[in-house]
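Peer 1: Quick one: structure below, then a few questions.
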Amino acid sequence: MAIANKNIIFVAGLGGIGFDTSREIVKRGPKNLVILDRIENPAAIAELKALNPKVTVTFYPYDVTVSVAETTKLLKTIFDKLKTVDLLINGAGILDDHQIERTIAVNFTGTVNTITAIMSFWDKRKGGPGGVIANVCSVTGFNAIYQVPVYSASKAAALSFTNSLARLAPITGVTAYSINPGITKTTLVHKFNSWLDVEPRVAELLLEHPTQTTLQCAQNFVKAIEANQNGAIWKVDLGTLEAIEWTKHWDSHI
């Protein structure tokens with residue numbers, strides 16, 4: 001997918017990886033970049049607008065834990081304004097295994113609900129034009145960081161959901177792929193809680209190993225967007241982009 005002249009919605013486009021990815025997107029000249037985030041950051045929005053004045057950058061406050069109905073209402077406002085949306089990026093995420101319910105709500109349920117809401121506008125069975133979804137999951141969806149099993153499981157769930165969305169594309173007209181960053185130097189990983197405090201030093205121990213910068217992650221994120229491969233499972237780790245082959249151990253045969 002060429003980003004130029006496209007209309008893009010980016011959930012959590014002002015976060016660590018999100019903001020650098022927003023920068024890379026704006027450089028490529030989309031028609032509209034609509035950022036949905038929990039906390040407004042006028043300075044960040046101003047920076048994006050200045051980076052490429054030809055791009056219309058707008059912000060709407062959005063908490064992914066709201067209901068599908070509330071999300072649908074917000075999306076209707078956006079679709080009424082833009083008429084079409086080409087790409088939805090779901091980037092919301094938290095890392096804190098003390099907050100079990102919120103971790104699942106933000107990392108998994110919020111993604112499911114946001115996508116469920118946008119299907120009202122995209123699903124070809126309802127006369128929609130289809131669309132593309134990029135879900136930010138995690139390498140922990142492949143193999144857990146076992147000291148944060150709630151976070152890891154929430155990302156595995158998001159990855160599984162994305163894989164199913166891709167298989168449903170012939171029915172819905174909506175394609176999907178996952179972006180799975182490795183350990184990236186953001187505020188998310190500088191300090192976080194393990195489940196039941198099984199490893200109080202989990203953040204410190206994790207950062208003893210090689211990491212990537214948010215810019216490295218963002219640059220490869222955009223390459224994955226441009227590749228636009230339905231069902232792709234992209235590993236974005238240590239400054240590299242790699243398509244992962246998923247091993248099938250069972251098939252429903254339906």
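Here the Cβ of each residue, glycine as well, is placed from N, Cα and C on the backbone.
Annotations for this protein, taken from Swiss-Prot, read as follows:
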- Tyr151: active site, proton acceptor (ACT_SITE)
- 10-33: NAD(+) binding site (BINDING)
- Ser138: substrate binding site (BINDING)
Peer 1: Return the residues near Arg28 (NAD(+) binding site) by Cβ distance under 8 Å, restricted to its own chain and a separation of at least 6 in sequence.
Peer 2: Ala2, Ile3, Ala4, Val222
Peer 1: Which number gives the other C-beta atoms within 10 angstroms of the C-beta of Ser138 (substrate binding site), all protein chains shown included?
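Peer 2: A 10 Å sphere around the Cβ of Ser138 (substrate binding site) contains 27 other Cβ atoms.
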Peer 1: Just the number: how many Å between the Cα atoms of Ser138 (substrate binding site) and Ser22 (NAD(+) binding site)?
Peer 2: 19
Peer 1: At 10 angstroms around each C-beta, which of the binding-site residues Gly13, Gly16 has the fewest other C-beta atoms nearby?
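Peer 2: Relative to the other binding-site residues in Gly13, Gly16, Gly16 has the fewest Cβ atoms within 10 Å.
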Peer 1: Which one of the recorded positions (Phe10, Phe19, Tyr151) has its C-beta surrounded by the most other C-beta atoms within 10 angstroms?
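Peer 2: Output for this query is Tyr151.
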Peer 1: Just to verify a number: CA distance, Gly13 (NAD(+) binding site) to Tyr151 (active site, proton acceptor), in angstrom, no decimals.
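Peer 2: That separation, Cα to Cα, works out to 20 Å.
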Peer 1: How many whole Å apart are the CA atoms of Phe19 (NAD(+) binding site) and Tyr151 (active site, proton acceptor)?
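Peer 2: On Cα coordinates alone, these residues lie 22 Å apart.
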Peer 1: In whole Å, note down how far the CA of Phe10 (NAD(+) binding site) lies from the CA of the residue listed as 'active site, proton acceptor'.
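Peer 2: Their Cα atoms are separated by 22 Å.
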Peer 1: Please report the DSSP secondary structure of Tyr151 (active site, proton acceptor), reduced to three states.
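Peer 2: SS state of Tyr151 (active site, proton acceptor) = helix.
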Peer 1: Kindly assign Phe19 (NAD(+) binding site) to one of the three DSSP-derived states: helix, strand or coil.
Peer 2: helix
Peer 1: Taking the Cβ of Ser22 (NAD(+) binding site) as centre, how many other Cβ atoms lie within 10 Å?
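Peer 2: Summing over all protein chains shown, Ser22 (NAD(+) binding site) has 28 other Cβ atoms within 10 Å.
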Peer 1: Please state whether DSSP places Phe10 (NAD(+) binding site) in a helix, a strand or coil.
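Peer 2: SS state of Phe10 (NAD(+) binding site) = strand.
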Peer 1: Three-state secondary structure of Ile25 (NAD(+) binding site) from DSSP?
Peer 2: helix
Peer 1: Among the binding-site residues Ile25, Lys31, whose Cβ has the fewest other Cβ atoms within 10 Å?
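Peer 2: Result for the binding-site residues Ile25, Lys31: minimum number of other Cβ atoms within 10 Å at Lys31.
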